[in-house]
Amino acid sequence: MSFAYDNSFQGQPGAEDANAQGVAGAQQQPQMGQPIESAAGQFQGGNMPVGAPSSGPGSQGPGESKTTLWMGELEPWIDENFVRSVWYGMGEQVNVKMIRDKFSGNNAGYCFVDFQTAEAAAKALSLNGQMIPNSNRPFKLNWASGGGLQDRRDDRGPEYSIFVGDLGPEVNEYVLVSLFQGKYPSCKSAKIMSDPISGMSRGYGFVRFSDESEQQRALNEMQGVYCGNRPMRISTATPKNKSGGGPGAGPMGGMHGGGPGPVGMYGMGAPPLGYYGAPQPMNQFTDPNNTTVFVGGLSGYVTEDELRSFFQGFDGRHTVADLMAIGKTMLGRRHVLPSVVSSLTELQIEGTFPTGTYLVTVHHPISTEDGDLEKALYGSFLPVPGQDVFPSWDPSVYEPKKQPGAVIPVKGRIVLNEGRTRIRLKVTSKGDRPIQVGSHYHFVETNPFLEFDRVRAHGFRLDIPAGTSVRFEPGDTKTVTLVQIDGHQVIKGGNNVASGHIKDFSIAEGLVERLQAGGFLHVPEPVGDAAHIDVASMDRQAYATMFGPTTGDLVRLGATDLWIQVEKDLTQYGDECSFGGGKSLREGMGQAGGRGDSESLDTVITNALIVDWSGIYKADIGIKNGHIVGIGKAGNPDVMKGVHPNLVIGSCTDVIAGEGKIITAGGFDTHIHFICPQQAYEAVASGITSMLGGGTGPSTGTNATTCTPGKTHIRQMLQACDSLPVNYGITGKGNDSELLPLREQCEAGVVGLKLHEDWGSTPAAIDACLTVCDEYDVQTLIHTDTLNESGFVEQTVKAFKGRAIHTYHTEGAGGGHAPDIISVVELDNVLPSSTNPTRPYTRNTLDEHLDMLMVCHHLSRNIPEDVAFAESRIRAETIAAEDVLHDLGAISMMSSDSQAMGRCGEVITRTWHTAHKNKVQRGQLAEDQGTRADNFRVKRYVSKYTINPAIAQGMGHLIGSVEPGKLADLVVWEPANFGAKPKLVIKSGMISHAQMGDPNASIPTIEPVVMRPMFAPLVPSTSVTFVSQAAIDNGVAASYGLRKRVEPVKGCRTVGKRDMKFNDARPKMKVDPERYTVEADGVLCEAEPAEVLPLAQAYFVY
């Protein structure tokens, strides 16, 4: 839909059309200086008004046939033959001149019909208003010259026109001319412009006078007078041939002009049918009477009522407060999924009001049962459905434990600042303004107009939850409980009246004198009985809301059936780190004073719930120089208890609030076809921070295999990946039975060699590849021989000779010995992984695979052997068994196979799909029974895309887990969105991607909130390029000029299945080659296809 103010569109004031193109020679030409539109101008676009009943042949102008009628408002499909047939059916022989649009070739909405006699023409004119046979339109007929209703055709003196706008649809030409003729006898005619396709009024027209003085009077007197249901807008109608050659005039203006204005809206320079001129000097911003806008590009199905409804919202009457209230009433609980009610708790947009742009926040937008769908669909042109279309949900679906990311705290209370000395003091505010004191503000240093015993308060702070405060209104008197500061017990900052150690006698001795000198109110108070002072505590539900879940609390992962239980909490109750106004992380409080950059963290993530192979626990995470340097209690050791020496927060430290969030290590996808660089952005937005694979772009070889062959390609691809926002390692081509080319690739910087059946994964190539990988300490990765051409899986395993090897898509749908490649999970030297199209087995898994496979591996449906090859890889039985083997910990890793039978942005989501499905179908793991949670299973699955691929590829010393010494490649999740939509992705301690709102908005949470790149991608050193040790030692890696940090892989050849965290199971396998059934330790591995999964469709609607 396109908009323009109406004095720059057809029918604008001062632009009555004089264009005669397409009908020249057929109409009377205007006299020199005649201030009216030409006949062609009046008729063009099919908008000639209907003639009055009294009109007859005698009213035609001189020099024109008395047998010709104008026939207008034709449907676009009508042609000359149709018009002739209509009149022939009425017994008339006619000639037809169809006027056509020069650009489209369609009829221009009107034609001229010449009858044999004047009487026949007059008779035909009486059909006005009757339906045209075989058409949806009525006859619109008039003499082929001049005028409109009650036109004085015999009087051809000077005529003066006015433009009339803002006409309602109920106003016709008779109503309009009658209104004016009642006051102005010289009013000759009225013409209302109508749409040639719909026949509906365009809301404006022209009224003509023979007396110029009456025209001038009408301009003033009729302004704002109601015609029908609306006040009219009146302006002078200047003929276009008087426009002085401005835009739209002359040979390039008007109907087909290329000048500015509305012509450009319609393409090819052609305006809509019935266009009446180009812009005149008066514009929409200077015309005080302009109340109309032009709306173009509308569908033919849009009605006037729908358009009116849409524009009612632009009335300028609603304030921010109005819209905040209205927003809560639109949708009800019955209209949305139950999870929306708990997850969509706040919606923020910015709108443009008559006074500018403002923030509109709708708190709890789903807060009623029924809502108001009429408001919800306001302006959409959609019909409002009845409430019966949306049956109400059972109230049980809203139970807290059924919501995504639900937290179920242990019942009870948490004692704050346990074991510390407390006192109670009476405090009176003598000030004339409110005073608010935060939890960790040194109470002795508070506002001078608070009157209390400051000597006794020396070394104490409020005994309230960290980050909360106590407010003193003017004149207030309150008794407050104070608790002694902990840690080194050193005061810094505030008003600097008591700085130093609280037990320093010299400081205490001069305190009163300094208070008096500073004007601080101080009144001694007798010491009370400390035994009767209550200890501060919090309800555990309130604690979890403020600081996140703590020891023993349960948290649901997204909308899955997986629950975790917090194993331990390394923070300190009462001394938690919280950032913000009045919070604890302020100077001299939770932030230590005087700590230089080398003594303090770069970044701290506070109160984080860590989900890692190493544990599921709560702690502060400290980051320095891109690495995790400590996990435990962070803060100010001068005043807080238990601060880790590596976790000091100073003025050089930034804060990421982790309370209520889950933190995992960044994901690692070890099966990447380097088909397009955009994969990196898709993957990192999903929580993947490291990628390993090969290729050279969308070459035929790369579309099928993850190989970067040869030194030139290796150098170029390492340089190409240098600007992408994730860690990279590149694999070369391992398919060669000779050693030289394989060694060259290792020395060029690859971190592994890939064997792929499309290049020939023969036993000879396997042996040679493993030999070279052993020499250079890089990993071997293999896609085995689906064809069983050189042998079966047993021959391939024999070629391994017990050496470490990473088997891709070990189930086999992605490729490998048919049908029993899955059996290699029983071997200690094999590091098995899955690719995500088969994860997990659902009712749709099999149906997508054949086409996927044919494209990836350059196969043809016209070759039976190609089809047989493809079909041999797709087996429901082994895909179902893959679910079970993942749950047993027999398949150790998850990856994507990006764009080559895999989705690089779904590694994490599909991992948790698989975990959820197995929990639903197989129940709780034996290791989790009796715990109320699924911690063991969660550790098993999170390890599949974090620590295990890092260990397998020789990168576990730097990435893959949330542990001190590792790169701070971390993912921050809202529990409700866990596994689907990260909140933040952090690379080397710097934010890489974030859920970010409108960049022009006043705050970062304004819709549309989407995953956007932040600053880390602009700093290449926040990511690592992994290469072989040989490439570092020989200087080749340095010669590439890489800006990323370059690190070698280590320990690739000594790793085994035993090193796979939570995924080291090696069951004895048996695969039936005919029925494809799979047994592990004698137990049939069966699973039903999932019908529905969480973290899927519903998660990507809003």
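Backbone N, Cα and C atoms are what each Cβ position is placed from, and that goes for glycine too.
Unlike curated records, TrEMBL annotations are generated automatically.
Remember, it's a predicted structure, so these values are computed and weren't measured experimentally.
Together with His783, His809, TrEMBL lists one candidate of Lys754, Lys798, Lys801 for binding Ni(2+) 2, that being Lys754. According to TrEMBL, the residue from Asp504, Asp529, Asp897 that belongs to the Ni(2+) 1 site alongside His671, His673, Lys754 is Asp897.
Most other Cβ atoms within 10 A: among the binding-site residues His673, Lys754, His809, that distinction falls to Lys754. According to its DSSP assignment, Asp897 (Ni(2+) 1 binding site) is coil. Taking the Cα of His857 (active site, proton donor) as the reference point, the closest of the binding-site residues His671, His783, His809 is His783. Averaged over the domain 'Urease' (666-1102), the predicted model has a pLDDT of 95. Taking only the Cα positions, the spacing between Lys754 (Ni(2+) 1 binding site) and His783 (Ni(2+) 2 binding site) is 8 angstrom.
Considering only the binding-site residues His673, His756, Asp897, the residue whose Cα is spatially closest to the Cα of His809 (Ni(2+) 2 binding site) is Asp897. Look at His756 (substrate binding site): DSSP puts it in a strand. Shown in sequence order, His671, His673, Tyr808, His809, Gly814, Thr835, Asn836, Pro837 are the residues of the chain, 6+ apart in sequence, with a C-beta less than 8 angstroms from the C-beta of Asp897 (Ni(2+) 1 binding site). Sitting within 8 Å of the Cβ centre of His671, His673, Lys754, Asp897, and not among those site residues for Ni(2+) 1, are the Cβ atoms of Ile672, Gly693, Gly694, Thr705, Thr706, His783, Tyr808, Thr835, Ser895, Ser896, Ser898, Ala900, Gly902. Cβ proximity to the Ni(2+) 2 site centre (mean Cβ of Lys754, His783, His809, cutoff 8 Å) flags the following additional same-chain residues: His671, Thr705, Thr706, Leu755, His756, Glu757, Leu781, Ile782, Thr784, Thr807, Tyr808, Gly814, Gly815, Gly816. Across the structure, His783 (Ni(2+) 2 binding site) and His756 (substrate binding site) place their CA atoms 5 angstrom apart.
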